[in-house]
Amino acid sequence: MSVRNLTNNRHSNSENSVSGSENSFYSSNEQSRQSSSLEPADGQNVRVSGNPFLGSEEFDEDYNSPSGDDERRGANEYSSSSSINYNNDPNSDTSLLANEKNSPERNGQRMSDYKGYYAKTNLTSANNLNNHNNNNYKNIISSSNDNSFASHLQPPDRNLPSHPSSNNMSSFSNNSLIKSPPPFDRYPLVGTRHISAAQSQSQNLINEKKRANMTGSSSSAHDSSLSSTNLYMGEQDFSPFGGYPASFFPLTLDEKEDDDYIHNPNVEEEAKLDRRRFVDDFKHMDRRSFLGLLGILFLFMAGIFIFIVLPAITFSGVVYHHEHVHAANSAGSSSSNTTSKSLTEYQYPQLAAIRTTLVDPDTPDSAKTRVAKDGSKWQLVFSDEFNAEGRTFYDGDDQFWTAPDIHYDATKDLEWYSPDAVTTTNGTLTLRMDAFRNHDLYYRSGMVQSWNKLCFTEGALEVSANLPNYGRVTGLWPGMWTMGNLGRPGYLASTQGVWPYSYEACDAGITPNQSSPDGISYLPGQKLSVCTCDNEDHPNQGVGRGAPEIDILEGEADTILGVGVASQSLQIAPFDIWYMPDYDFIEVYNFTTTTMNTYAGGPFQQAVSAISTLNVTWYEFGEEAGYFQKYAIEYLNDDDNGYIRWFVGENPTFTLYATSLHPSGNIDWRRISKEPMSAILNLGISNNWAYIDWQYIFFPVTMSIDYVRLYQPKGSTSITCDPEDYPTYDYIQSHLNAYYNANLTDWEQAGYTFPKNILTGGCSSSKFSLS
């Protein structure tokens, strides 16, 4: 076997011939074995292959070469015993190449199979390096006189076959050298036309190379010979496109194809198409697409009508259902004796309000009237049974009630009033107090008020309630009360100067502290007095205005008797001397259960109050607890025959007549309220009210309201908060900051000033005179 070099070696010398010695690499054992087994029997030479990488055909070709004898002699001169050294020097004693002194084609030729783009990168540097190594090695060999190692590998009487001579090297390299396989045709549709063009142009480049290197080394001639037989072994710029040279790729940027827009988009053209996309699509729309567009438009318009237009027209009352009119007419014809009055032409849709009438439909017929003090029957004008489950009372949620989100600082309460603590459940309105930290306060509770929504000027207000916790435990402050609409409960800026005034005179009673140095009053004076000057801020000049308070119930407990106590009172200003009214005109009906309160008032209000004991079963906890009891007030505001009567259950507790508030000292008559009165229900806790027995208050505690009902005399129905003779709406709208900002505690802090009066202001009034 002859050895083919698989490495890249280039050699250059002055004789244009560098021979690489072919080394036999037999091991010591193999040499001894072959010495005996390969000994010719007839004296002929034995063919011994020096290259294990050649097949038998290649071996025969090499062995039969005409220059075999010369090559065998060259091979025997330099040989190694058994070691293999993988140096690239052709004259190394371990080289795998045969000595090719007479082969000009082999001189400087890289024997790698690959002759493409990447093979030419370091061609020049490789030649220089190999030439340098070759010259150094030749100098070493020439200086050596020891030829023993050259003949060491040559067996006695045997000659190794030599490589072909230099004359046949070109034929050998063209026919026997392993060439690069043809490239994989990634684009089979390219066709032979482009292949032929590529071959033709490649051959032209090769010919130009030959002419340029006519006087060059034999290495260039050999490269040309190899390249002429293999298109892809030339020094071409190969691209990754299936093996084709990039310069011969069939497409250029100037050529156009139908699918160019997929892989080579035109930015300007795409921008033009984007701007005209809708118009072009609409212009080329087929029948099916047009019908689809109409369907989408129809669904869009239908959605607008159903979810926007229809709710708007039904909420505004534009849509008037004839079925509703027919039902109303039928109901009217069946009860010809019943007279009904329409409050408004507005038609409330079912989803916009829970109710469409002032009287709750759940109110039983037996509760439609109430017997007054004089024996007359007053009509039910408003009721709320709270039977609708899950009502909420955030601002704007309910027609009649609002749950404020405030701290009630007027009485230094320990809780925060939150709308979250108010709801309806099991047919009752629940005000729940729990030990829940809220706004840096440790308790949360609820309040509802009908301020500026539902008011009344006279009548009977009845509330059925179950009071919180145990009846014998003191500390909680449940309240059911009314106050004039000019003051909003919990908003101190709005109540300054109007609470609890009910006064129509222009004297010391309207001045700060009632002009008394003994501290009987700390009030700032009546802000809206009867003698307010012209062009001053007043809702209706010439009328004394205020916000008096009437308490239906304020709950507490008698720890000695172990029962609950209801405080029922009228709170007014200005004050009597020592806060004492004329008790000759106060009537108590049962002294075993009711007595006048020893607390008659203080520097902020005069309280005409009585206390009544309550059954512990009317509370939330305790044996046989859970029962509801009704509490009520009934009053008329006539200056001569007016009165206020308080009730626990069906029985009156006491009555205050208008004459008990006659002039006293330097003040004039205090009047039973003619103001529109709003209703308030709340559950509070404060050290200003009673001793708090913390260990026996089992939070959470709940005050439950079964119903609220309002009765008024026939012909005197007034449930508005803005009556003609005592208006409030315009005045409130002019001072919204004071009525909607609970953090403001002073009228001037809200940005307003007290109006002047003719008594202290040095001005005049066209509506009132002192003489």
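In case you wondered, yes, glycine gets a Cβ from its N, Cα and C as well.
Residue-level annotations in Swiss-Prot identify, among Ser65, Ser516, Ser65 as phosphoserine.
Scan Swiss-Prot for phosphoserine across Ser83, Ser176, Ser196, Ser664 and the hit is Ser176. Between Asn168, Asn174, Asn513, Swiss-Prot assigns N-linked glycosylation site to Asn513; no such entry appears for the others, which is not proof they lack it. If you compare Asn213, Asn337 in Swiss-Prot, the N-linked glycosylation site annotation sits on Asn337. In this structure, the C-alpha atom of Asn615 (N-linked glycosylation site) lies 15 angstrom from that of Asn590 (N-linked glycosylation site).
For Asn426 (N-linked glycosylation site) paired with Asn743 (N-linked glycosylation site), the C-alpha to C-alpha distance reads 35 Å.
Comparing the glycosylation sites Asn426, Asn590 on other C-beta atoms within 10 angstroms of each C-beta gives the minimum for Asn426. For Asn743 (N-linked glycosylation site), the Cβ neighbour count at a 10 Å cut-off comes to 11, with all displayed protein chains included. Asn513 (N-linked glycosylation site) is surrounded by 17 other CB atoms, counting those within 10 A of its CB over all protein chains shown. Cα of Asn590 (N-linked glycosylation site) to Cα of Asn743 (N-linked glycosylation site): a span of 44 Å. Cβ-based neighbour count (10 Å, all protein chains) for Asn615 (N-linked glycosylation site) stands at 15. Taking the Cα atom of each, Asn513 (N-linked glycosylation site) and Asn743 (N-linked glycosylation site) are about 25 angstrom apart.
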